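**Q** One structure, as structure tokens, below. Some questions next.
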Amino acid sequence: METTNSVPPPIDEESTENRGSMWDLDQKLDQPMEEEAGRLKNMYREKKFSSLLVFRLAFQSLGVVYGDLGTSPLYVFYNTFPDGIKESEDVIGALSLIIYSLTLIPLIKYVFVVLRANDNGQGGTFALYSLLCRHAKVNTIPNQHRTDEQLTTYSRHIFHEKSFAAKTKRWLEATALRRNLLLILVLVGTCMVIGDGILTPAISVLSAVGGIKVDHPKMSGDVVIVVSAVVLVGLFSMQHYGTDRVGWLFAPIVLLWFLLIGGIGAFNIWKYDSSVLKAFSPVYIYRYFRRGGWRTLGGIMLSITGTEALFADLAHFPVSAVQLAFTMLVFPCLLLAYTGQAAYIIKNQDHVIDAFYRSIPQSIYWPVFIIATGAAIVASQATISATFSIIKQALALGCFPRVKVVHTSKKFLGQIYIPDINWILMLMCIAVTAGFRNQSQIGNAYGTAVVTVMLVTTFLMILVMLLVWRSHWILVVIFTVLSLIVECTYFSAVLLKIDQGGWVPLVIAVVFFIIMYVWHYGTVKRYEVELHSKVSMAWILGLGPSLGLVRVPGIGLVYTELASGVPHIFSHFITNLPAIHSVVIFVCVKYLPVYTVPQEERFLVKRIGPKEFHMFRCVARYGYKDLHKKDDDFEKKLFENLFLFVRLESMMEGCSDSDEYSLYGQQTVRSGDSQLTENRNMISLNVDSTMTSSGDDGIIPAQASALIAASNFFSSAGQTSHQSELDEMEYLKSCRDAGVVHILGNTIVRARRDSKFLKKISIDYIYAFLKRVCRENSVIFHVPHESLLNVGQIFYV
């Protein structure tokens with residue numbers, strides 16, 4: 001069944017204009033769930049780690065966080081001097097730039113500043129965006145409710161009206177253009193991270209495998225390409241096993257890698273030229289720029305690649321462990337490795353192309369080659385996993401088409417696998433490796449992607465420091481100036497190499513940006529038309545308890561994106577079919593700008609209309625790290641929360657002298673509201689007081705204990721409410737046993753005839769194509785085919 005509608009400009013869900021009898025009626029019978037959310041409010045224990053545990057976690061973080069940054073010595077000097085070295089002092093100047101780049105960007109900016117801006121341990125551009133969405137109304141999908149702010153994971157600050165943070169918040173919220181620009185900035189950073197997921201495996205594996213030619217100089221370059229392609233195919237083919245199964249290998253490999261490159265670097269400093277230590281003086285940076293060293297910055301910048309992955313892969317480790325690993329091991333070993341390579345190059349300037357492998361003592365060459373290949377695979381694995389993670393975040397926030405997401409670990413929520421994206425990345429990675437055939441052009445492309453992500457992080461951090469941290473403006477200025485001086489300098493250098501491979505990440509970013517932005521635009525338009533066309537409660541009540549139809553045994557789950565109001569799909573359904581189920585539950589699956597929603601806080605249940613209507617609303621809330629998994633019995637948990645709601649509601653009514661609905665034309669008056677509110681507050685108090693924390697992973701509320709406490713509190717209310725509760729519970733269970741039908745809306749949006757050309761292309765072609773090829777909602781919700789009913793609608797926007 002389909003219908004066609006032409007929809008006027010959308011009305012905001014929170015708007016309070018044009019109030020009247022219908023507005024009052026809707027507010028009476030379908031209010032937001034502040035009380036229901038308040039009952040679930042609880043607190044998490046602050047996680048504390050012993051010193052021994054921090055050291056163990058710091059060791060484990062090596063295999064996940066630092067693989068990309070640690071393999072940079074394989075190709076930095078080659079990409080810095082692809083045409084050879086003219087003067088020895090150029091090597092000293094380049095080394096000095098590397099030293100201070102590592103100090104300013106990874107060490108000071110990321111390890112000691114940016115890592116503190118994590119979202120409850122989650123890192124990356126979308127984690128920063130979620131922080132901003134909680135502290136300012138910048139989310140472009142207007143589905144926020146006050147109930148969301150009562151989640152334990154929904155932490156935010158209250159601003160003083162005259163504070164600089166409040167002024168910044170008002171400025172950011174003032175126009176839709178600024179909110180859209182912020183979203184575009186986040187999407188650009190996301191697209192560049194996806195580009196990293198393609199370029200990191202290409203350059204890391206190609207650089208590692210290239211070591212074969214050092215020992216066998218007559219070998220054809222085609223052999224290196226073929227071997228690299230085979231390694232890449234094997235790498236991407238193993239992704240479905242997940243990092244958890246092979247993760248125990250990662251940390252020892254990377255630890256051994258850092259110790260080897262640090263030791264080899266110290267050996268080369270002692271053996272070849274200890275005078276390279278003068279590169280620690282910044283004077284040589286000035287001299288290097290005077291001799292035209294600015295043109296080589298694209299290669300030097302590769303020394304800090306992987307820094308963004310350091311932030312994006314933060315999920316599994318505390319900040320203290322990541323900071324400890326970097327300052328105690330990664331940073332000193334990288335300095336030794338680059339300094340040792342520089343000492344070797346000064347004495348062997350013709351070997352700059354293969355400087356890393358030629359500087360290795362012959363006796364340990366092949367063991368180092370094997371470990372280098374393993375470290376390159378680990379580096380690639382970390383970047384691919386970060387790509388999966390950020391696409392999942394984008395999907396949850398309505399910025400990416402629905403794709404299949406698979407959990408690969410029962411212990412770590414963030415370890416996921418996306419099959420479709422995995423094979424797309426593999427094909428593009430092999431295409432880049434075979435197309436460029438050398439590290440230099442891939443390095444130029446890699447540099448463009450990395451510096452763009454860093455710039456995006458800097459701009460988001462400025463807002464985080466102002467809105468979330470409420471830092472003094474002087475500190476914000478210092479951070480901004482220091483970051484932009486370094487990153488804009490590198491950015492200006494990589495722009496010169498756009499025609500030498502730097503165009504690759506731009507093309508990748510443009511393709512993914514179009515996909516993500518158009519999908520988000522279509523999602524917003526679809527939400528707006530559903531919001532505007534929702535049905536008034538006055539119309540529903542006017543139909544009577546039977547809704548003007550035959551009420552057949554069973555439960556109908558009507559899926560909607562609206563967290564309040566009756567969706568148009570429902571009125572369309574009951575006006576075209578002569579029957580509806582005895583119990584109707586409007587199910588809203590909603591993603592919030594938080595990393596996770598605890599299981600005990602996931603469902604909110606509310607009754608819609610009088611009891612004899614048997615209509616409920618259930619809002620299921622998820623964070624951007626949460627997943628719908630097949631082993632999660634969504635339907636079972638929904639009914640458990642529904643039955644719990646009926647019991648609590650019955651107890652509250654037992655203390656109310658009069659709590660009945662009276663219908664007068666188009667207005668409904670409910671008596672005893674103040675008494676009921678008081679009773680509900682008392683119930684909330686009892687439920688909250690019984691929430692107990694358990695374990696290090698969060699809290700498990702004692703729902704059974706809460707119910708017992710509430711039962712004892714209301715035991716003197718009489719048996720009438722108890723009997724009413726039993727009757728309704730039996731009725732609900734009998735309806736559930738009769739059958740559950742899932743009613744899904746298939747809303748199709750099309751551009752109006754008088755729409756602009758760009759809008760028609762976006763909605764009618766790109767968005768329509770993406771909607772056809774992405775996964776259906778029925779698959780995502782794991783709805784059995786025999787219990788599925790699709791209702792089609794067409795809206796013109």
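Placed from the backbone N, Cα and C atoms, the Cβ positions cover glycine too.
I grabbed these lines from TrEMBL:
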DOMAIN    57-540  domain 'K+ potassium transporter integral membrane'
DOMAIN    553-794  domain 'K+ potassium transporter C-terminal'
REGION    1-21  region 'Disordered'
TRANSMEM  49-71  transmembrane segment
TRANSMEM  91-112  transmembrane segment
TRANSMEM  180-199  transmembrane segment
TRANSMEM  219-236  transmembrane segment
TRANSMEM  248-272  transmembrane segment
TRANSMEM  324-344  transmembrane segment
TRANSMEM  364-391  transmembrane segment
TRANSMEM  412-434  transmembrane segment
TRANSMEM  446-468  transmembrane segment
TRANSMEM  475-496  transmembrane segment
TRANSMEM  502-519  transmembrane segment
TRANSMEM  539-559  transmembrane segment
**Q** Can you tell me which recorded stretch out of 180-199, 248-272, 502-519, 539-559 has the most Cβ pairs within less than 8 Å of the transmembrane segment (49-71)?
**A** 248-272
**Q** The transmembrane segment (475-496) and the transmembrane segment (364-391): do they have three or more Cβ pairs under 8 Å, with pairs 6 or more apart in sequence?
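**A** No, the transmembrane segment (364-391) and the transmembrane segment (475-496) are not in contact.
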**Q** So, does the transmembrane segment (502-519) come close enough to the transmembrane segment (180-199) to give 3+ Cβ pairs below 8 Å, pairs being at least 6 apart in sequence?
**A** yes
**Q** Pop the mean pLDDT for the domain 'K+ potassium transporter C-terminal' (553-794) in here, whole number is fine.
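**A** Reported value for the domain 'K+ potassium transporter C-terminal' (553-794) is a mean pLDDT of 69.
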